[in-house]
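In Swiss-Prot this protein carries:
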- C120, H142, E143, C239: Zn(2+) 1 binding site (BINDING)
- T122, T243, 264-269, 287-292, T327, G351, 374-376: NADP(+) binding site (BINDING)
- C173, C176, C179, C187: Zn(2+) 2 binding site (BINDING)
Amino acid sequence: MSRHFRTHTTSRLTFPSSSGGLAITRLPFSSTSSKLLLQQLSSTSPAAAATAVTITTSSPARNLQRARASAAEQGMEEHGKAAVGWAARDDSGVLSPYNFSRRAQKDDDVTIKVLYCGICHTDLHIVKNDWGNAMYPVVPGHEIVGVVTGVGAGVTKFKAGDTVGVGYFVASCRGCECCGNGYENYCAKMVTTCNGVDHDHGGGAATQGGFSDAIVVNEHYVLRVPAGLPLDSAAPLLCAGVTVYSPMVIHGLNAPGKHVGVVGLGGLGHVAVKFAKAFGMRVTVISTSPGKRQEALEHLGADEFLVSRDAGQMAAAAATMDGILNTVSAWHPIAPLFSLMKPMAQMVFVGGPTRPLELPAYAIVPGGKGITGNCVGGIRDCQAMLDFAGEHGITAEVEVIKMDYVNTAMERLEKNDVRYRFVIDVAGSSLAGSGDAKI
């Protein structure tokens, strides 16, 4: 069994207007992380509203919504490719075998045999309808590594036999300012790899993810996986990798010799440490858990380890960091962390706590310090991240499972009982539901 890490959902911070002249600014993180917000931007358009399905309770309206979604899928299936995956059919989140059809391959499409697919915490939110936008039946999975089995007549980037990846989204408008600048991940018409609605390519059908044997994707959203990267532990890079790589590049936290703090040592945090060290940076892991010191320093190669609850350690590290990447998805006090940053430094949030965080204005105003967020990354950044990972041998820490184990894996993921990411050996699994559960 290969061992390796889990990602968390990412989130952007927003600042509501203050009232009464108070110096406290509330940063309202809700269960709708930035991934959900991006999904909602597309699903609430007039066209998307006609096919979007929000399922919370059993009712005639719910059955009608299901029927409409099913009809849209059947329209796609008439000339599509037969596929089998594991889908959730209600908010229990339980996954089971599901036969469906991929869309027919178009001139600019790539057909991919799925080899491995990572499990992200977002998948758990989707199958349990935590965000109220699940379109059942839903096949999760957006950390896909596979091999090209077919290409359309107009495809120029790939050929049969190429090893490729697919990340968090499979379509965008390609005409807006965000798309033009390489930030398709912030396009208002971005279509997620699973539980999205694809009007341009999929005929308005719900997208189904990588917990399946095959997928058909427009070549613009397909990524080349460098030779030499282990395919199982490369899969989480399609989400966790770009989620930390992209903001590090955008905010200049990739310069050799600079000092970056990484808050949290989980699925995102451990990958952030690996990328930062490969950039040549000085890396300090910041955690509430002293027991993670050995893991951070000896296994991952961090330069320093800081216990955030230790006032002495915090004081000694004051004003030393050029920036902080905050990967924590649970509530935590953030005001003390700003004391670690140099003037004008940025704290980038890539985790999405569900409880509101409080930030006193004095923590950022005197030093001109900034706070921002990041959600995955565009195609350009994702390909650059994979190429960089290939050059430096960066992978995620994973626990490889077979599809039969996926429901147990979801239960463990909900309890944070994984070190640090689950990856499904899709090609090595019996998708009909038999075979060994774990490898």
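Glycine too: its Cβ is placed from the backbone N, Cα and C atoms.
This view paints the features noted in Swiss-Prot onto the structure.
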{"residue": "C120", "record": "Zn(2+) 1 binding site", "DSSP (3 states)": "coil"}
{"residue": "H142", "record": "Zn(2+) 1 binding site", "DSSP (3 states)": "coil"}
{"residue": "C176", "record": "Zn(2+) 2 binding site", "DSSP (3 states)": "coil"}
{"residue": "C187", "record": "Zn(2+) 2 binding site", "DSSP (3 states)": "coil"}
{"residue": "C239", "record": "Zn(2+) 1 binding site", "DSSP (3 states)": "coil"}
{"residue": "L268", "record": "NADP(+) binding site", "DSSP (3 states)": "helix"}
{"residue": "T288", "record": "NADP(+) binding site", "DSSP (3 states)": "coil"}
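Distances between the Cα of C239 (Zn(2+) 1 binding site) and those of the binding-site residues C176, C179, C187, G291, V376 are shortest for V376. What surrounds the Zn(2+) 2 site, by Cβ distance within 8 Å of the Cβ centroid and not counting C173, C176, C179, C187, is the set S172, R174, G175, E177, C178, G180, E184, A188, K189, M190 from the same chain. The binding-site residues examined here are T122, T288; by Cβ neighbour count within 10 Å, the least packed of them is T288. For V376 (NADP(+) binding site), the number of other Cβ atoms no farther than 10 Å from its own Cβ, over all displayed protein chains, is 29.
Between the listed binding-site residues, namely C176, C179, C187, C239, L265, the fewest other CB atoms within 10 angstroms of a CB are found at C176. The least crowded of the binding-site residues C120, C173, judged by other CB atoms within 10 A of its own CB, is C173. Looking at C173 (Zn(2+) 2 binding site) and L265 (NADP(+) binding site), their Cα atoms lie 35 Å from each other.
Only T122, of the binding-site residues T122, C176, C187, L265, G291, have a C-alpha within 10 angstroms of the C-alpha of H142 (Zn(2+) 1 binding site). You'll find the Cα of G291 (NADP(+) binding site) roughly 47 Å from the Cα of C176 (Zn(2+) 2 binding site). Cα of T288 (NADP(+) binding site) to Cα of C176 (Zn(2+) 2 binding site): a span of 42 Å. Of C120, E143, C187, all annotated as binding-site residues, the residue with the shortest Cα distance to L265 (NADP(+) binding site) is C120. Listed in sequence order, C117, G118, I119, C120, G167, G210, A235, P236, L237, L238, C239, A240, V423 are the same-chain residues at least 6 apart in sequence whose CB falls under 8 Å from the CB of E143 (Zn(2+) 1 binding site). Just so you know, the Cβ of G291 (NADP(+) binding site) picks up 7 other Cβ atoms within 10 Å once every protein chain is counted.
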